[in-house]
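This report concerns only the one structure given below.
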Amino acid sequence: MVLGGGFIYISLEVLIAVGCCLGNVLVIWAVWKSGALNKPTFCLIVSLAVADFLVGAVAIPLAVIVDIHVKIPFYACLFMSCVLIVPQQASVLTLLSIAVDRFLRVRIPFGYKSTVTKRRSWFLAAVCWILASVLGFLPMFGWTGRAGLASETVGCCLGNVLVIWAVWKSGALNKPTFCLIVSLAVADFLVGAVAIPLAVIVDIHVKIPFYACLFMSCVLIVPQQASVLTLLAIAVDRFLRVRIPFGYKSTVTKRRSWFLAAVCWILASVLGFLPMFGWYNHDTLARYNSTSIDCQFIAVIPVTYLTHFIFEGCFLPPLAIMIALYCYIFFKIRSGRAGLASETVGCCLGNVLVIWAVWKSGALNKPTFCLIVSLAVADFLVGAVAIPLAVIVDIHVKIPFYACLFMSCVLIVPQQASVLTLLSIAVDRFLRVRIPFRYKSTVTKRRSWFLAAVCWILASVLGFLPMFGWYNHDTLARYNSTSIDCQFIAVIPVTYLIHFIFEGCFLPPLAIMIALYCYIFFKIRSGRAGLASETGTYTQKKYKLASSLVLVLALFVVCWLPLHMIQCIMYYNQNINVPSIALYFGILLSHANSMVNPVVYAFKIPKIKQEYRKIWRRVTSQQQQADTNSSRTPASNTTDSHDGPRNDKISSQGGANDMTPEKN
């Protein structure tokens with residue numbers, strides 16, 4: 001059985017070795033032939049393939065030799081065992097390098113090619129192999145049984161140094177969150193550089209003075225406490241980012257983040273070094289006559305300190321707070337995305353139905369409906385373009401400054417098009433009442449389409465003004481690179497939004513529209529009493545259409561005015577802290593306007609209402625016909641065939657009776 005099992009094991013190892021060698025040789029050859037060696041990532045992939053090749057060519061044969069218990073000198077066996085470790089360590093370090101390479105590709109997309117070069121990638125691959133060799137051959141220098149700790153030490157140090165270097169090179173240290181991330185990376189680095197070596201010293205029971213052992217044991221606790229407190233600080237930072245999105249930058253600054261990181265480290269040091277001030281194992285000190293002891297962590301640090309203070313007092317409460325904060329953050333983000341998704345679908349579907357209904361009913365021949373279609377197109381673009389771009393802007397994607405500025409300008413255009421189109425509709429209704437007999441010759445279909453085009457051109461000009469210099473120059477000057485965290489308020493100046501868009505392009509048209517509709521209703525109501533019935537019916541239709549369009553205007557004001565008022569409050573009185581929920585409500589309400597308009601058209605404008613009914617009847621009749629066809633059986637067909645002649649006979653009898661002369 002032993003021989004059989006050994007033969008099967010060796011056979012499987014041989015098959016795996018052949019697969020490793022053949023497969024990875026093919027990988028190296030394919031990369032070389034395709035010319036991909038000019039790309040930094042593929043240099044690291046080739047390094048990983050070499051490690052896997054050596055597993056098959058060297059490690060597996062040596063593993064078989066070690067497994068069959070060949071009698072050889074001790075150091076030869078030790079050397080072969082060390083060789084088995086090297087490829088595995090090289091694979092781990094190379095995979096870490098590839099992960100860092102991909103991180104940099106996403107983190108600094110525009111500076112990646114200048115930062116990560118082919119030469120640097122080969123140098124990094126060489127460093128990985130040198131470190132793997134050092135780690136693997138440590139037992140040859142007397143460190144038997146601690147190669148795992150050595151790899152952890154190097155992994156902690158190298159990985160976190162790369163994180164700190166990447167954050168520094170990308171210029172992200174100007175952002176408060178990354179200050180805290182660097183603090184966390186420093187804590188993890190100290191675990192590898194200080195805590196793990198001290199843990200080894202404590203583990204091998206070196207005989208040292210009691211207080212020296214106590215000091216080293218306290219040092220082991222500090223990085224862990226610093227990590228917990230820094231993670232808590234990062235959670236609070238993310239909570240504030242969601243809770244006060246517009247007041248975040250003024251509240252959470254780079255200076256305050258560094259101060260918070262320093263506080264975390266001071267608190268961690270105080271908590272970690274408390275045993276030095278008397279909270280240690282007095283029994284251990286009393287047991288030894290001399291001041292030197294066999295250094296052990298549990299011999300100098302009391303269990304009550306570790307359990308009641310460190311775990312129950314300094315670990316569980318921060319953990320509970322972090323879980324609560326992140327639950328709130330994800331709930332807030334998911335609820336916001338869900339609302340925007342439903343608004344997107346409602347805007348697009350509803351306004352497409354409006355455009356289709358107007359087209360099918362033939363109402364496009366009437367000037368007013370040309371302008372209504374233009375308004376529906378603006379509402380459709382809110383759902384199809386503006387809301388998706390608003391989501392991109394809200395999640396702070398790192399993109400070039402002018403790309404962010406362009407997307408922010410696109411958000412403004414549909415709103416301006418809606419305002420100008422509503423003004424055009426109001427003027428159209430005014431002319432319908434003011435010059436009823438010359439209206440058809442004055443307001444034609446061609447002129448209405450021309451007016452709609454003018455509205456869109458003006459809206460585009462007004463919306464894209466920031467692209468021609470009226471943007472936040474401070475944001476562009478603050479960043480070293482051309483890429484920024486895209487935010488609407490970071491690129492669009494508040495002066496443009498308040499003084500130009502709201503006070504210049506929203507309030508004056510709104511005042512004109514209110515005045516026009518007041519005149520229209522006064523004129524219609526004063527003239528309805530003395531008109532003939534036919535003319536009165538016609539006037540009633542005009543009244544209903546005007547009232548429907550006034551409702552559209554009123555909804556537009558109700559939906560957009562809160563957001564503009566919030567922006568005015570934030571601009572004119574910066575001491576007032578507007579809740580983020582109020583701001584998001586204002587944004588959702590402004591987007592919801594584009595979803596509500598199709599509902600108003602459906603219930604208030606007869607032509608669109610009739611076309612909606614036709615669509616509904618067509619859909620329901622098709623469904624009923626499909627249900628009837630699926631439920632029909634051969635028996636029912638037979639019955640129908642017998643009923644035909646009988647019905648014909650009855651009808652002929654009825655016809656004969658009809659032809660009988662009436663009795664006087």
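Glycine residues also receive a Cβ, built from the backbone N, Cα and C atoms like all the rest.
TrEMBL annotations:
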DOMAIN    23-156  domain 'G-protein coupled receptors family 1 profile'
TRANSMEM  44-66  transmembrane segment
TRANSMEM  147-168  transmembrane segment
DOMAIN    159-335  domain 'G-protein coupled receptors family 1 profile'
TRANSMEM  180-202  transmembrane segment
TRANSMEM  208-236  transmembrane segment
TRANSMEM  257-280  transmembrane segment
TRANSMEM  309-331  transmembrane segment
DOMAIN    350-601  domain 'G-protein coupled receptors family 1 profile'
TRANSMEM  369-393  transmembrane segment
TRANSMEM  399-427  transmembrane segment
TRANSMEM  448-471  transmembrane segment
TRANSMEM  497-522  transmembrane segment
TRANSMEM  543-563  transmembrane segment
TRANSMEM  583-603  transmembrane segment
COMPBIAS  619-639  compositional bias 'Polar residues'
COMPBIAS  640-649  compositional bias 'Basic and acidic residues'
For the transmembrane segment (583-603), give me same-chain residues lying six or more residues beyond its boundaries with a C-beta closer than 8 angstroms to one of its C-beta atoms, as numbers and ranges.
245-246, 336, 339-340, 343, 346-347, 350-351, 353-354, 357, 372, 375-376, 378-380, 382-383, 386-387, 390, 414-415, 418, 548, 551-552, 555-556, 558-560, 562-563, 566, 609, 612
Of the listed stretches 369-393, 399-427, 448-471, 497-522, which one has the most C-beta pairs under 8 A with the transmembrane segment (543-563)?
497-522
Is the transmembrane segment (448-471) packed against any residues at least 6 beyond its ends, judged by a Cβ distance under 8 Å, and which are they?
367-368, 370-371, 373-374, 402, 405-406, 408-410, 412-414, 416-417, 419-421, 424, 428, 491-493, 496, 500-501, 505
Average model confidence [pLDDT] within the domain 'G-protein coupled receptors family 1 profile' (159-335):
85
